[in-house]
């Protein structure tokens with residue numbers, strides 16, 4: 001478990017406060033997990049963003065009438081802190097009986113509080129239900145590897161030694177899988193995800209990638225760190241010209257978390273998958 005997470009509200013019974021309280025947000029420094037991966041804030045080998053989507057966002061108009069919407073939050077991948085997910089939920093619930101005259105006023109409040117917790121500017125979009133409904137759901141790009149016939153029996157820790165490539169052959173391809181699963185390091189609850197790997201480098205053996213991703217199945221870590229581990233393991237193996245790892249997780253507690261890590265500085269669209 002991350003030592004800071006032990007003091008978070010995650011896994012504990014909590015009072016649900018319905019009036020604005022930004023102090024509910026619980027930041028967790030990224031540095032400890034980065035150290036496990038052998039990187040520091042000064043040597044991060046990726047660009048990226050963590051997209052969070054909130055499906056339980058509500059507040060009051062000055063008339064007392066409630067409004068519901070969907071919140072989209074973009075937290076820079078190099079921010080000093082992640083925000084613990086239950087504290088994020090509790091904070092958002094504290095807006096339920098709080099008055100905001102306009103969406104812009106709410107958005108400014110969210111950006112201020114979340115940026116303070118993350119330690120770097122957080123971008124916020126508050127979208128109407130009609131907007132999100134019109135967007136619909138999308139399919140992941142590239143080739144799905146889930147139908148490959150693989151054998152695996154160890155699910156406790158990620159196993160980068162399972163990965164194989166052909167160092168004599170360079171390819172550019174996009175692969176995806178819906179079989180990513182890990183567990184919350186505090187509660188043990190399952191985190192279900194889909195992941196895209198896009199790269200140009202040594203030709204990756206597709207079956208080895210699938211068994212490697214499945215090896216996360218009982219691993220306990222936060223979403224962001226799982227994606228960073230996948231990124232680094234692939235980077236070390238493939239020596240790629242470019243590499244992107246993008247995971248989209250199923251929501252828990254009204255929030256889904258979608259980490260994106262890439263050699264390039266371009267951020268992807270925040271689009272929903274069928275399980276989201």
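Placed from the backbone N, Cα and C atoms, the Cβ positions cover glycine too.
These figures come from a predicted structure and were not determined experimentally.
For residue 83 (substrate binding site), other Cβ atoms within 10 Å of its Cβ number 25. Sequence annotations record features per position, and here Swiss-Prot assigns substrate binding site to 83, 84, 85, 223, 224 based on sequence analysis.
DSSP gives residue 252 (NADPH binding site) a strand state. For 85, 86, 252, 253, the entry in Swiss-Prot reads NADPH binding site.
The feature active site, thioimide intermediate is assigned by Swiss-Prot to 184. The local packing around residue 184 (active site, thioimide intermediate), expressed as other Cβ atoms within 10 Å of its Cβ over all shown chains, amounts to 20. Look at residue 184 (active site, thioimide intermediate): DSSP puts it in coil.
What Swiss-Prot lists as active site, proton donor is 191, and the listing cites sequence analysis. The number of other Cβ atoms within 10 Å of the Cβ belonging to residue 191 (active site, proton donor), over all protein chains shown, comes to 23.
Cβ proximity to the substrate site centre (mean Cβ of 83, 84, 85, 223, 224, cutoff 8 Å) flags the following additional same-chain residues: 28, 50, 52, 82, 88, 222, 257.
Within the set of binding-site residues 86, 252, 253, the entry lying nearest in space to residue 191 (active site, proton donor) is 252 (CA atoms). Non-local neighbourhood of residue 223 (substrate binding site): 50, 182, 191, 193, 247, 249, 257, 259, each in the same chain, at least six residues away, with C-beta under 8 Å from its C-beta.
Across the structure, residue 253 (NADPH binding site) and residue 85 (substrate binding site) place their CA atoms 8 angstrom apart.
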